[in-house]
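Asker: One structure is given below, represented as structure tokens, and several questions about it will come after.
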Amino acid sequence: MDFDLNEEQRLLKESIDGLLTDSYDFEQRKKYMKEKGGWSKAVWLKLAEQGLLGLPFAEADGGFGGGGVETMIVMEALGKALVLEPYLATVVIGGGFLRHAGSDAQKAAHVPGIIDGSKTLAFAQLEKNSRYDLFDVSTTAKKKGDGWVIDGEKFVVLNGENADTLVVTARTKGERRDSSGIGVFLVPAGAKGVTKKSYPTQDGLHAADITFTGVEVGADAAIGNPDDSLALIERVVDEARVALCAEAVGLMDESLKTTVEYIKTRKQFGVAIGSFQSLQHRASDMFVAAEQARSMSMFATMANDFENAKERSNAIAAAKVQIGKSLKFVGQQAIQLHGGIGMTMEAKIGHYFKRLTMIENSFGDTDYHQRRVADAGGLV
Amino acid sequence: MDLAFTKEEQAFREEVRQFFRDNVPPDTRRKMVEGRHLSKDEMVTWWRILNKKGWGVSHWPKQYGGTGWTSVQHYIFNEELQSYPAPQPLAFGVSMVGPVIYTFGNEEQKKKYLPRIANVDDWWCQGFSEPGSGSDLASLKTKAERRGDKWIINGQKTWTTLAQHADMIFCLCRTDNNAKKQMGISFIVFSMKSKGVTVRPIQTIDGGHEVNEVFFDDVEVPIENLIGEENKGWDYAKFLLGNERTGIARVGVSKERLRRIRDLAGKVESSGKPIIQDPAFREKLAACEIELKALELTQLRVVADEGKHGKGKPNPASSVLKIKGSEIQQTTTELLMEVIGPFAAPYDVHGDDGSNEAMDWTAQIAPSYFNNRKVSIYGGSNEIQRNIIAKAVLGL
């Protein structure tokens, strides 16, 4: 029973916090947003230089062999600084598929580019009607010779605009909502038949809706078993959920801090508004919500290593529920306590609120996960 | 970071659990499960069993009868005790006045009181709140005047829990009217059998009798019954209230109740099938279980922190425990109400004489719901807790 970071983890935290303090204040972030693709290549290369892009990969693959706690540290820091760069899409999710099921050849082809910052990935999973069900896949991958032909439409693919390689879920067998017959394929973003409609998202990231029309890939494109990869997808998406929980904790910490600073300095009726009890109690409730979220983020991080997949999923679903409830409260009240200024694009708090809000609706919202926990027979 | 308990800790949990299975009187457990009040005899009998085992005052220093357990062991013991369930040691003696006496009392006082607290030879009650002094405790008016070798005590205390059973009271009394309000208070202990002490019951909305008003009318108390220094009582009171940081979340109590809800919800029918199959109910139950899991983790963070860095500087997360712990306890009693539906209404006119079997498990649910409204009020109301977070944690 230990919730402290070890020496190496403390150093990691110091290093990424230091890097982001130097290169990621709110004004710098505005500049990065205007760069091509909506994020900073220079910052990405700095992350690579500090070894952060190789953190979770095995040493044999050129990485540092970091675990869940290391990813939690990084995601919290990225949340705190409201970072735009595609760490989740590239390192956590794209890298996650490669780590868990990539062949030696696939790893050799993709991991070095991720680690040195020269290549990014995107996860093309969401479909028009799939909502949060990972098994709901209409996109097809049909056998052709040794390889595959992919047809279908994917939506809100984060980093889809910039990624070099797309990780695509597609059905090789069965009906739309069958849990078997789903595969995962590595598709070069520039492959013939891939068309993209790119756009900025509400929280300042960039995404794309991507259509695959007769896209031909080789036999080596499939990660894992092309006929039965739902468990793999669930595994990697669980890791993405855990990462989002940590990012949300970082966002909530900074939201609370910013809000408390604001109500200490903003004066009305001749006094700081933070001297009013109604506002103090609201801020206290934000603190409680953020601490409960932190506890569950830690729980999810540790649950990620549970051997029993059902227990793991249930614990991570529970964490996503707590984070969803906490982030909604902290985000909304941060705006409320800022008053009118919180409604403006100019103030940074609204941008935290928007990112928090989008996290709730990523990979299952609060209701979705609460139902999963309920259906699994609870958590006591 | 590591969530797992060590092998030794797991073995300790099993040992504790087995001891409860073998030693908690079954009727005591049943009454706890059903949310009934226990008699004085039932509680004292159990506490003496615990004390005989050497676990009656587990967190006291070893020289006064404590166990020397780690903070994780204390956590495990409390969780198992609460979720078995069995009565927790009498807080007023074991967690409140005991630590004040062994920290600030003189040798004679330690020798006189501590073993009797451990064995519940004396039942202690707490004389803090007054009719005009609730959250603003330091405004208290009960007076102790020095006359020769006696204190003469006059005034009134209220919300005095289980004073009807008490042999002894520890009392905050004003001993200096001219000092700033926190500075003129002393910590004095005396017998509830003293001449001039009157206990009047307060019936609470659950129909129960837990709390009392206590009146002091020229009560004579030996001068040596002052604990520590005169006019330093406020410091001792703060020490006492800050002592119990983690138990207050009562995670084990809520766990036990949630298990009971699940069990009952599998039996009670709604629309022709067990209510546990109603998705709306099931999700509410899951929501409560998730909140409790978060609280349990928050509590473990505080426990692990205390184990590593000592109790000196409280982990800011500890402020969460009272607020969330009380809210969750209240939610569990709401869920129980929901499970029994219309059978919440009958009043337990037969008491617990076994004559009405059908009502055995339903009769205490509404009273327990009413009674649990107290948990967000006592021990520093949740609003006071929010003031504390705002000031001590957020610096507002």
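Cβ coordinates come from backbone N, Cα and C, glycine included.
Below are the features listed in TrEMBL for this protein:
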type: DOMAIN; residues: A:6-117; note: domain 'Acyl-CoA dehydrogenase/oxidase N-terminal'
type: DOMAIN; residues: A:123-209; note: domain 'Acyl-CoA oxidase/dehydrogenase middle'
type: DOMAIN; residues: A:233-376; note: domain 'Acyl-CoA dehydrogenase/oxidase C-terminal'
Asker: Helix, strand, coil: count each for the residues of the domain 'Acyl-CoA oxidase/dehydrogenase middle' (A:123-209), based on DSSP.
Answerer: 0 helix, 44 strand, 43 coil
Asker: In the domain 'Acyl-CoA dehydrogenase/oxidase C-terminal' (A:233-376), how many residues does DSSP call helix, how many strand, and how many coil?
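Answerer: When I sort the residues of the domain 'Acyl-CoA dehydrogenase/oxidase C-terminal' (A:233-376) into the three classes, I find 120 helix, 4 strand, 20 coil.
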Asker: Within the domain 'Acyl-CoA dehydrogenase/oxidase N-terminal' (A:6-117), count helix residues (DSSP H, G, I), strand residues (E, B) and coil residues, in that order.
Answerer: 84 helix, 0 strand, 28 coil
